[in-house]
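Undergrad: Feature list, courtesy of Swiss-Prot:
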- Leu359, Pro360, Thr361, Ser362, Gly363, Gly364, Lys365, Thr366: ATP binding site (BINDING)
- 213-225: compositional bias 'Basic and acidic residues' (COMPBIAS)
- 241-258: compositional bias 'Polar residues' (COMPBIAS)
- 346-518: domain 'Helicase ATP-binding' (DOMAIN)
- 566-758: domain 'Helicase C-terminal' (DOMAIN)
- 212-261: region 'Disordered' (REGION)
- 463-466: motif 'DEAH box' (MOTIF)
Amino acid sequence: MDECGSRIRRRVSLPKRNRPSLGCIFGAPTAAELVPGDEGKEEEEMVAENRRRKTAGVLPVEVQPLLLSDSPECLVLGGGDTNPDLLRHMPTDRGVGDQPNDSEVDMFGDYDSFTENSFIAQVDDLEQKYMQLPEHKKHATDFATENLCSESIKNKLSITTIGNLTELQTDKHTENQSGYEGVTIEPGADLLYDVPSSQAIYFENLQNSSNDLGDHSMKERDWKSSSHNTVNEELPHNCIEQPQQNDESSSKVRTSSDMNRRKSIKDHLKNAMTGNAKAQTPIFSRSKQLKDTLLSEEINVAKKTVESSSNDLGPFYSLPSKVRDLYAQFKGIEKLYEWQHTCLTLNSVQERKNLIYSLPTSGGKTLVAEILMLQELLCCRKDVLMILPYVAIVQEKISGLSSFGIELGFFVEEYAGSKGRFPPTKRREKKSLYIATIEKGHSLVNSLIETGRIDSLGLVVVDELHMIGEGSRGATLEMTLAKILYTSKTTQIIGMSATLNNVEDLQKFLQAEYYTSQFRPVELKEYLKINDTIYEVDSKAENGMTFSRLLNYKYSDTLKKMDPDHLVALVTEVIPNYSCLVFCPSKKNCENVAEMICKFLSKEYLKHKEKEKCEVIKNLKNIGNGNLCPVLKRTIPFGVAYHHSGLTSDERKLLEEAYSTGVLCLFTCTSTLAAGVNLPARRVILRAPYVAKEFLKRNQYKQMIGRAGRAGIDTIGESILILQEKDKQQVLELITKPLENCYSHLVQEFTKGIQTLFLSLIGLKIATNLDDIYHFMNGTFFGVQQKVLLKEKSLWEITVESLRYLTEKGLLQKDTIYKSEEEVQYNFHITKLGRASFKGTIDLAYCDILYRDLKKGLEGLVLESLLHLIYLTTPYDLVSQCNPDWMIYFRQFSQLSPAEQNVAAILGVSESFIGKKASGQAIGKKVDKNVVNRLYLSFVLYTLLKETNIWTVSEKFNMPRGYIQNLLTGTASFSSCVLHFCEELEEFWVYRALLVELTKKLTYCVKAELIPLMEVTGVLEGRAKQLYSAGYKSLMHLANANPEVLVRTIDHLSRRQAKQIVSSAKMLLHEKAEALQEEVEELLRLPSDFPGAVASSTDKA
C-alpha cells in the first residue's frame, strides 16, 4: 500500500507520456501468431458493432460527478493522445458556455450503461478474437486468472479517463507484445504513476490475490486511498480460486466456469471504472477548484436544509414507530379509532390551521391532541403549551406524559399552583411541553411575549374549550388565546370539548376549522326514573321518552322511608362487579347517601376484595397520622366512598386509585368530578336534577352522563336521572334542548377581565394607543359577540371607559402624541404599580390594597415568626367567605407569644376586641372586618405550618379539612403572585427573599426532609412519608428506583403508579441537570458585545 501510495504521489508531479490505443492491451496478434485464412474476422466485427447498437435505450447509471477542466481541450485529464474513435461518441455540439453544471456531468456521457457500453463491447470483441486463435484456445480460459492477475500485466496497465470514457492502455514498448502464458514481461519502475489512485489500489488488490491463489480461504481487504475512502471490495471469486492439482481437475474447473471467467473481465473493468469515478481527479484550475468547492458546499447545505425541514420522521402520523409502541406499552392503545385517523389526516391539520373538534365524553379526544403535540415537539422542533382546567388534571397529565418525554427526548414542565418558572427556561436542544392551568397558562404566554419568544411556541392545545364562557376563568382563557392570535402568526391553536353549541362564534374568533363526530367507544343509554318506573330517553318519541321497565326490588317500609328514590335497588344491579357513580346536589348529601346505601347492603359485599379494602383504610390512617373520617371508616368496607372538595389531596388521590383498580365500586360525588379526573363507570345515577339549589344545565348533564361506559371494559353505559313529578317538564326540556351557547365574560368580569387585558396589552407593548387597543378588542371572542352582548354601550365607549379607570387608579399614564383643534391622540404607558400588578397577575380590585399592606408592613415587619408574612399573603377573595368562631379565635389569640401579639397590634386587632366578640358584648370602637377575618385565616395557616397535621388543625378550628386544604393551596398560589408583584417594585426588595422561602413552605407544608420527594408530580405527603421510610430520601433516589422494587416496598402502590413516579422523577432530574449545564455554558460563552471580539473580527476582515 505504501508503494502504491508513493506511485500515486509521483504521478502528479511527473510529466505525462503518450500511450497507445485500446488494442494494445490484448494486442492484435503478431505476424507469427496470425492464422492464414481467418475468414470470420469481418463477420465478428459486424457482430460486435450490432452489440454496441443494442445498448441504446438503457438508462444511464447514476455515478458521482467528474470534475472537468475549464476548457474543452482538457477533457483528457490524464494527458496523452486521444483515440479519435472513442472521441466520436462524445457530444461536440455544446460550447463552453452551454456546458451543464459540473456537479451534474455524467462521466459516461451518452453511453447507456457502463455494464454493456461500447467500450465493454470492444473488450469483449478482443477477448473473443484472442480466444479464437487456435494455438491460444488451450489457455483462453486461463486469461482472467493467470494473465490478468499476473504481476507483469498489473504493472503494465494504466487507466486514462477521457471525458466520459475510460481507455485501458499499455506503454509503447509493449505495444506488439501478447499475453501468452510463459512470456515474461519485465515491469518498468514507473508504469503506474499515471494510474488513478483507486485503480492503483485495485491492481494492488489483484497482485495480492494472485499471490494468495494457493490459500484455502477467501480474504477480504479494505483499502483507503490517499485522497478519499473507497467502498470495501471483495475480489471476484475467479481470481482467488484454489490451484489446480492435476490436468483433469483443471479441465473441469475451466469447462464449468468459461462464462464466469469471461464475465470476470467485464466485472474487473466495471469495478475499475467505478473506482475511477470515485477517485479524486487532479484539478488544474484554482478558480475552477474554488468554484466546485463552493458549489459542493451549497449542495450539502441544501440537502441538510431539506432534511431538517422535513416533518416526516416515521410511519405513525409522521412520528417514529417508537411512539406507537410507547402508546401500546404505557396506555395499552394498539389502534386508533376511525374518527381519530380522519381527524389527524385532515387538510387543516396538515396545513397547520387552527382546529376545533368536538366529541362526546370518553370518545378519545385527548389522544388526538397528544399525537399533534408530539408532532410539534419531535417533527417541527417547537415548544407546546397544553391548557387544562384544574390542578388535579394537570398533575395527572404530567404523570402520564413524563414517560414519553424520557423516551422521546423532550421536557414536561408543570405550571400549576405555585409551580412554574417565568420566563421559562430557554432550551437549546430539547423542546418543552408546558402543561398549565388556565391562570398559569396566561402568565406563561405573557412572559413569552415580553421576552420575544412567543414564536417558539408552535402549538397551543386547550382542553374543555367551552370554559371560555365560564366567569373570570373564561375571561382569562379568552385573553390568553387573543394575545397568541395577535402576536404570533406561526402558533397553531387546537381546541377540544364535549359540549359546544355556538361553534361558529368560536371558529370566527380562533380563525379555525371545525370537526365533529358522535362517536362513542361504548354505547350510552339514557334513562329517566319517576317513582318506581324507568323510561328510556327517545328523541323520536312524542314526549321524548318511552317506557322501559318497573323496578322489582322488594322494599320494606323502613327502607322505603330511608330510600324513597330507590338508590339501593339501582346500585345493587351493578355493584360490586361493575362500578357506579351517584351524583348528589351537595357535599353533605354525598356523605349521607353513602352511609344510607351501606346500611342496606348485605354482608356479602364486605367479602369482596376484603384484604384490599383493609389496605385502603390503613393507608388513609397513615395519611391522617392515625386519623380517619368516620364516614369513610363505615363505608369503605362495603366498597363505597364519597368524593368531593372536603377531602384532602392525599385522601382524594388514594380513593381515586382504589376506584380505578376496582377495590371501590361506588362513589357518591358532586358535579366537580364530572369535569375533573377521568373516573368512568358502568352506570351513572343523578340523584336529582339540581347542582346545589340551581337546576341542572344541559352542559352539566352531558358531562355527568358522559362518564357512563368504560372503553375496553364495559360493553354498554347507562345513565339514570331521578326526578320528581314536579320537575318532569323541565327535565324533558333539559334532555331535548340543544347545548347552551358559550358567551364571552371579558366585560362582565370587569377587574379580572377587560381592565386586566388592557393593562397587559400596554405593559407588553402589544397595543399602546386607543385605536390599536380597539382594533385588538375587535379580534377577541367578545368582539365577535359584541352585537349580542352590548345593549347599552358600544365597544368604543367601553374601551375608553376602561382606560380612564386604569389611569385614575394610577396603573396607566397617558402621553399626548398629537393635538389639534378637532382631536387629541394619546399614547399610554404603564406605571410601576401597573407593571407589578399585571406581572403578579393580581386582581385589579385588590392591587392598591396589597400595595398599602406591603408598604405598611415595611414600617414594622415582625420576623420573629412567620405570622406577619402569612397575613400579607393570605388571599383577599377568601376573606369574605370566612365566619370566625369567636371563642376559638379568642383561645388562639390568648396563646400567642408577645411577638405574635405585636403583629395583631400592628394590624389594629386587639385582644379586648376579640374577647368582647366572644362574650357577645357591644363593640364601641370600629375595627375593619376584613382585617379581622384575614388575621383569623392567618392563624389557621400559621398553626398548620407549625404542626403540619391538617386533621389536628381541622379539629382546633372546627373547619372541614378540605376547606383548610383549599385555603393552603390558594395561599401558596397567592404568595407566588405577591412575590412577582414585589419583584417589580424596588421598594419591596426585602420581601423577595422572604417570600421565596414562604411560598415553598406553603406549597408543600411538610417537614423539610419530605420536600425533595414532594417536588415529584404525583407524590403527596402520604406517599412521600412512605417513600422516605423506605429509604428513598432524595430526587436522585427516586429517579434511579426500580418500579418493581417500589411496588414490593410501598403499600398500595400499583405498577402503573410506580412507573409514573419514577418517570416524573427522571424528568425533573433531567430538567435540573439541563438547566445547570446551560447556565454553565452561558457563563463560559464569550459575550457578543465583548470589545475584543469586535476588534478580532475587524482584523480578520
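Just so it is clear, glycine is given a Cβ too, placed from its N, Cα and C backbone atoms.
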Undergrad: Any same-chain residues 6+ apart from Leu359 (ATP binding site) with CB under 8 Å of its CB? Would you list them in sequence order, or say none?
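TA: Residues satisfying the criterion: Trp339, Lys365, Met496, Ala498, Thr516, Ser517, Gln518, Phe519.
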Undergrad: What is the set of residues, excluding Leu359, Pro360, Thr361, Ser362, Gly363, Gly364, Lys365, Thr366, whose C-beta falls within 8 angstroms of the centroid of the C-beta atoms at the ATP site?
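TA: Neighbours within 8 Å of the Cβ centroid, excluding Leu359, Pro360, Thr361, Ser362, Gly363, Gly364, Lys365, Thr366: Ala498, Phe519, Arg520, Gly706.
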Undergrad: For the motif 'DEAH box' (463-466), give the DSSP counts of helix residues, strand residues and coil residues.
TA: 2 helix, 1 strand, 1 coil
Undergrad: Which of the listed binding-site residues (Thr361, Ser362, Thr366) has the least company, meaning the fewest other Cβ atoms within 10 Å of its Cβ?
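TA: Minimum Cβ neighbour count within 10 Å, taken over the binding-site residues Thr361, Ser362, Thr366, occurs at Thr366.
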Undergrad: With Cβ-Cβ distance below 8 Å and at least 6 positions apart along the chain, what are the contacts of Gly364 (ATP binding site)? List them in sequence order.
TA: Leu336, Tyr337, Trp339, Gln340, Phe519, Pro521, Ala711
Undergrad: With every protein chain in view, how many other Cβ atoms are within 10 Å of the Cβ of Pro360 (ATP binding site)?
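TA: 20, counting other Cβ atoms within 10 Å of Pro360 (ATP binding site).
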Undergrad: What are the sequence-distant neighbours of Gly363 (ATP binding site), meaning same chain, six or more residues apart, C-beta distance under 8 angstroms?
TA: Tyr337, Trp339, Ala498, Ser517, Phe519, Arg520, Pro521
Undergrad: Can you give me the average pLDDT across the domain 'Helicase ATP-binding' (346-518), rounded to a whole number?
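TA: Averaged over the domain 'Helicase ATP-binding' (346-518), per-residue pLDDT gives 93.
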Undergrad: Taking the Cβ of Lys365 (ATP binding site) as centre, how many other Cβ atoms lie within 10 Å?
TA: 22
Undergrad: Work out the three-state DSSP category of Pro360 (ATP binding site).
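TA: DSSP call for Pro360 (ATP binding site): coil, neither helix nor strand.
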